[in-house]
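First up is the structure itself, then whatever we jot down about it.
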Amino acid sequence: MFRLTLLLAYVACVYGGGAPYGADRGKCRGNDYEKDGLCCTSCPPGSYASRLCGPGSDTVCSPCKNETFTASTNHAPACVSCRGRCTGHLSESQSCDKTRDRVCDCSAGNYCLLKGQEGCRICAPKTKCPAGYGVSGHTRTGDVLCTKCPRYTYSDAVSSTETCTSSFNYISVEFNLYPVNDTSCTTTAGPNEVVKTSEFSVTLNHTDCDPVFHTEYYGTSGSEGAGGFFTGMDRYQNTTKMCTLNIEIRCVEGDAVRTIPRTSDGVGVLSHSETITVIGGCLSDVNVDIEYSDSNHPEEVDDFVEYHWGTRLRLFPSPKRCRLVS
């Protein structure tokens, strides 16, 4: 027990290190402090002066206890209490130890209402932009600014981070053909969409298109035929993918292959591509009109592309649903 007491006393003296010396015109060296005309050793960070110096004895320093600290050299009579635990919308960004205070910052999804000397004292949840709006910036305090998504953009998430991205949620594919005779047709829905008559078939193959095709029609007037494929409006296109449509118009007779040229390029801001192919020689005139649009902005002009070969056709017969083939 006697040896332990001596050891503790030695450790305390080591913190102080050295004996007081006289101040030079009231000034001490380095970080030493002046007391009663004597210069004494300051305690290092992480400790405090459990006993100040006196004639013949230097400062006695003791380590800070848990949840207390001193960040610099000092001769304070006690360590400073660390800030309380980070709770609520706060999360700990710096832990409390003997040389530094605890620092709290806002947890994810929150912004700072009241800053402290370090970190934040009070945080609040960031505003969440509703569907159809995106994050456009931040206030001076860090809250979210929401702006209605402009033309050809959308955000379908309720979020404090999502921005408006170029997208569409509706695709319509309409075709006009000449000459045709058969007024009856069948369709097949699934991975590919097909309209079929006794003279030809129109097959729509689609890759990486999120809007789902589920409606089709076909009708005739005289020797002209018209049909179409349409998606629902409940799914937006993922803008990291390219929606690709490959439309094959195949005559029952003939095997000559023609690629129909694009005659209208649209606005060119949405992620899509198309290929229109005619196989066989039963048709002299082909028009394919494809529209990509956002149903939440019906007042805006759609992204419209046109493919044409032969005479331009503008037939719009009364839609006729085809008989479904499973």
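Glycine is no exception: its Cβ is also placed from the backbone N, Cα and C atoms.
As annotated in Swiss-Prot, CYS43 shares a disulfide bond with CYS61, one of the listed residues CYS28, CYS39, CYS53, CYS61. The recorded disulfide partner of CYS53, taken from Swiss-Prot and restricted to CYS39, CYS40, is CYS40. Between CYS82 and the candidates CYS64, CYS96, CYS104, Swiss-Prot records the disulphide pairing with CYS96. Using a 10 angstroms CA-CA radius around CYS53 (disulfide bond), the disulfide-bonded residues that qualify from CYS28, CYS39, CYS43, CYS64, CYS79 are CYS39.
According to its DSSP assignment, CYS79 (disulfide bond) is coil. Take the CB of CYS164 (disulfide bond) and look out to 10 A: across all protein chains shown you find 20 other CB atoms.
Helix, strand and coil counts under DSSP for the repeat 'TNFR-Cys 1' (27-62) come to 0 helix, 18 strand, 18 coil.
Taking the C-alpha atom of CYS149 (disulfide bond) as reference, the shortest distance to any of the recorded positions CYS61, CYS64, ASN66, CYS82 belongs to CYS82.
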